[in-house]
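Participant: In case it's useful when we look at the structure, here is the feature table from Swiss-Prot:
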ACT_SITE  Lys34  active site, proton acceptor
MOD_RES   Lys34  N6-(pyridoxal phosphate)lysine
BINDING   Arg129, Met307  substrate binding site
ACT_SITE  Tyr259  active site, proton acceptor
Amino acid sequence: MNRATATINVTALKHNLSQIKALAPKSLAWAMIKSNGYGHGLVRVAKALSDANAFGVACIDEALTLREVGIKSPIIVMKGFYNEAELSQFARHRLGAVIHCSDQVSLLEKTNLTSSLSVWLKIDTGMNRLGFSVEQSPAVYNQLKTSSSIQKPIGLMTHLADADNENKTFTELQIKRFFSVTEKMIGPKSIVNSAGFFAYPNALVDWIRPGIILYGISPFGINYNSFKEKIEKKFRPVMTLSAKIIAIKNRRQNDSVGYGCTWSCSEDMPIAIVSIGYGDGYPRHAPSGTPVLLNGKICPLIGRVSMDMIAIDLRSQPNAQVGDDVILWGEGLPVEIIAEKAGTIAYELLCKITQRVQFIEIEK
């Protein structure tokens, strides 16, 4: 009873992918499932998203895990390979590689592979993280074209740095740069992430790379209203994080609650202790007033988040009982709201769920 639970609705996951495909019928979906499926479980998510045209992961270990459990779909590794041993694994397990630096090109040229490799040339149009500059990219593309180790055509991709910003100036510049540099290149193209998927229909090219939206979460947080109604109407949250009330206490006016005595009762009042804390991945920096959902009603967090427990104000829930479920985020309480309160992003909260949280799959 004491363990927090992350309930993963695989039906919602499948539904979200179907919505993405319906909104971009001319594009293929490259489902991003890196970082343990955004905290939802790598293998679980891959099996649920069998209708995706390909999967995107961050590193070779994630890709090999999928192959080991029998996932046969195309897998593209976003950071590519870094030595000959890894490169051989790419060929052996039919993994696609993102090529983003000259060291990788050199490795391809000097390594004898058992089979040719599917690759994507990453063009840095302004993210300034990985990829070849706009000026370098044509020469690298021509160099890759001559390699017998590479399948043709070569994929062409970029990554948008600011697609979730209502000011579109920089993203439009990135898209313009990409179309310009790839104009004479032959190969499938990929530009958009989840935010770009909604905000830049002109960039819905051959492949789209949905990530956070697959899990029913807005890439815009709670402050960007242009797509709020569409996202809430068409997409469903996949993860619901919950924990149980393990104690109810009646506290007196001026009693402090929790470490540091940072919060005090304004009157005599009931409080509940809930079996979740930062040791489970709930954000320690969530302030008093952060909402939780109890029996369909909002209750505020009070005091500091502890490693194993939080306290909540029960004044709106006088009939609450030990054993009642408290929803920390998910169905009925968007994780974007909790992220905003905690001064972070939903991605971080999802990826920080720890191993002691029990995961349950449902189809609903």
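Using N, Cα and C of the backbone, Cβ positions are placed for all residues, glycine too.
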Participant: What does DSSP say about Lys34 (active site, proton acceptor): helix, strand or coil?
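Facilitator: The residue in question, Lys34 (active site, proton acceptor), is helix (DSSP, three-state).
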Participant: To which of the recorded positions Lys34, Arg129 does the lowest count of other Cβ atoms within 10 Å belong?
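Facilitator: Output over recorded positions Lys34, Arg129: least Cβ neighbours within 10 Å is Arg129.
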Participant: Give me the non-local Cβ neighbours of Tyr259 (active site, proton acceptor): same chain, 6+ apart in sequence, Cβ-Cβ under 8 Å, ordered along the sequence.
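Facilitator: Sequence-distant Cβ neighbours: Gly303, Arg304, Ser306.
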Participant: Between Lys34 (active site, proton acceptor) and Met307 (substrate binding site), find the distance joining the two CA atoms and give it rounded to the nearest Å.
Facilitator: 27
